[in-house]
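Undergrad: Can you read through this structure? Questions will come right after.
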Amino acid sequence: MAFALLTSVAPIFGLYTSFFPVVMYMIFGTGRHVSTGTFAVVSLMTGSVVEQLVPTPLAFNSSSSEAADLEAQRIGVASAVALLSGIIMLCMFGLQLGFLSTYLSEPIVKAFTSAAAFHVTVSQLQSMLGLRLPRSTGSFSLFKTLALVMKNLSHTNMAELLISVVCLAVLVPVKEVNTRYRHRLRTPIPVEILVVIIATCVTYFSSLDSSYNIEIVGHIPAGFPKPQLPAFHTFPAIAGDTIAITFVGYAVSVSLAMIYADKHGYSIHPNQELLAHGISNTVSSFFTCFPSSATLATTNILESAGGYTQLSGLFTSLVVLIVLLVIGPLFYFLPKAVLACINVTSLRQMFLQFQDLPELWKISKLDFMVWVITWLSVVVLNVDLGLAIGVLFSMMTVICRTQRADCSVLGWASNTEIYRPMENHSKCYEVPGVKILTYNGPIYYGNRSFFREKMSRVLGLTPEKIRSREKAKKALEKRERESSVSSVERGIANTSFSSVNEFFESETSEKDVQAVLIDCSRVIFVDVAGARLFTQMCTECQKIGVHVYLANCNENVLKILTSSGLMSHMNPQHIFVTVHDAVLYIQQQREKPLETNPTVWV
């Protein structure tokens, strides 16, 4: 009922959303400990859509005849969001797109839910203070709402403020007790139910609604809702927001299901979860329900109470059924300020996620930045736009990591077949005349320039050096031709270099690089641009008399390199299974083997 206020619909629709989706998920879902229903973040995002399409009139009288029409329009939009969200999930299931939830990483989900908790809290301030203000939507909505609240503080209803203070004074300590002593308590203390019952009784017997003009829930019809069609004509207007709501609801649901699945030793099927939540939202939308997903608080309660299978959802839905059929009308005098306090205190776990930041900073600075950027974007801009910025920034960090992968020089550990980066291992030594390189990432169009820059710097492949060697090579060939002609005419033997290789060997000192060996064990893939770069660098190395060797190439990388024509510029015998085999072969060719019996890969 409290989360229905976030959706800008009547509380009764929160009860409907806590019943129908639970039954559907119990049949089709794979999460044994997952409790579905209303979720604060999804309700808040849906409420923003509802307020954009059906805003509250400035001079609105809740008891007028227009109230019923306004409520019907709002639940029609909310049901349309649920229907479209369900259709999107079913289409994703048909295309087997369950893996898309992985794009919402853990830092994104935690930052997003934590920032959304601030939006929820600020949106509930007007109910807690007894202010009748229009709901702000769009970018900077949090600050707009705060400005409106500050501007109208003088109109605060003191009775509702007192109710809110008392409720918070009871809810916060008892929830803290439930959290700290959850292992000792068989079931958590149902403080929310107790507060609702007491507040309803006090309001009824004291006539607070008429004496102090506090806002109450009002009429809650008993029984099941009549099936009705959602507002189909709103589909074009809600499509963009619904996509964001769908991804958030699905990602949170799957993440929560996987947490408890790992804890209790069973598996979750993401695509089946798409089917379960898709059917839940699609079917329930015809019974005036708004979008649903897995819920953090009730899932935690369900697990701590000993639920082990999806059938536990049957018993929770029976409780909601009793409320719908019998108890619901008794909440007529329940103050909405109490529901607002329940909303705020239910977000405790989301606020506590700030405690993860110091540890996240120690583990990964980039993930820390993803968390901060996502949180700031959601708080400053809006929930859906902030989430999009967080996802884009996270994907950019992945691209940057592949673009700026490390290129290390490997050294040989004496009397072993082990080669490790020399900057991290002081006892590894560089093989004379051989430069062993490893690149810790893929080689593709996005990072080929960085890869070339690194390789050129290590090998000294400067344009000046290549041009000087080419000039020397052409001069040598010209001298050889002239010498051959004069030798034949005079009958004198040719004493010049017999080959270009002998020339390079004479020009190269023992300390210069004569061979470069690339360890491809960490190159997970190569695209066409990367393969062409390999060919180009092979050609440039040959121009300065440096032979290129490859080792540890996986099958896909080797296939792409071969298909791109690398073998026409490189000896096929220069490809080896291991780095050590390649080094032994190179040393054997130079007649300076590291061992007496080298093993060459064929």
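First residue shown is number 1, and so on along the chain.
Cβ atoms are placed via backbone N, Cα and C, with glycine included.
What you are looking at is a predicted structure, and each value in this text was computed from that prediction instead of being measured.
This is the feature table in TrEMBL:
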- 6-27: transmembrane segment (TRANSMEM)
- 75-99: transmembrane segment (TRANSMEM)
- 185-205: transmembrane segment (TRANSMEM)
- 242-261: transmembrane segment (TRANSMEM)
- 314-334: transmembrane segment (TRANSMEM)
- 368-394: transmembrane segment (TRANSMEM)
- 424-586: domain 'STAS' (DOMAIN)
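Let's see these features in context: how buried, what's close, how far.
TA: Panel annotation: around the transmembrane segment (6-27), residues 34-38, 40, 43-44, 46-47, 50-51, 54, 56, 71, 74-75, 78, 120, 123-124, 135, 217-218, 220-221, 225, 276-277, 279-281, 283-284, 287-290, 292, 310-311, 313-314, 316-317, 320-321, 323-324, 328, 331, 339, 343 of the same chain, lying at least six beyond its termini, place a Cβ under 8 Å from a Cβ of the stretch.
Cβ atoms under 8 Å from those of the transmembrane segment (75-99) belong to residues 7-10, 13, 46, 49-50, 53-54, 228, 230-232, 234-235, 238-239, 241-243, 245-246, 249-250, 254, 269-271, 273-275, 277-286, 288-292 of the same chain, restricted to positions at least 6 beyond its ends.
Packing against the transmembrane segment (185-205) from elsewhere in the chain are residues 163, 167, 170-171, 174-175, 177-178, 214, 216, 301, 304-305, 330-335, 338, 341-342: each is 6 or more residues past its ends and has a CB under 8 Å from a CB in it.
Residues of the same chain lying 6 or more positions beyond the ends of the transmembrane segment (242-261) and with a Cβ under 8 Å from any Cβ of it are 29-34, 36, 39, 41-42, 45-46, 49, 81, 84-85, 88-89, 92, 98, 100-101, 104, 106, 109, 112-113, 267-268, 270, 273-274, 277, 291-294, 296, 299, 303, 383-384, 387-388.
With a cut-off of 8 Å between Cβ atoms, the residues of this chain six or more beyond the transmembrane segment (368-394) that come close are 41, 44-45, 48, 103-105, 107-108, 110-112, 114-116, 118-119, 138-143, 240-241, 244-245, 247-248, 357, 360-361.
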Undergrad: Taking residues 6+ outside the transmembrane segment (314-334), which of them lie with a CB under 8 Å of any CB in it?
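TA: Sequence-distant neighbours of the transmembrane segment (314-334): 1, 11-12, 15-16, 18-19, 22-23, 26, 35, 196, 199-200, 203-204, 209, 216-224, 298, 302.
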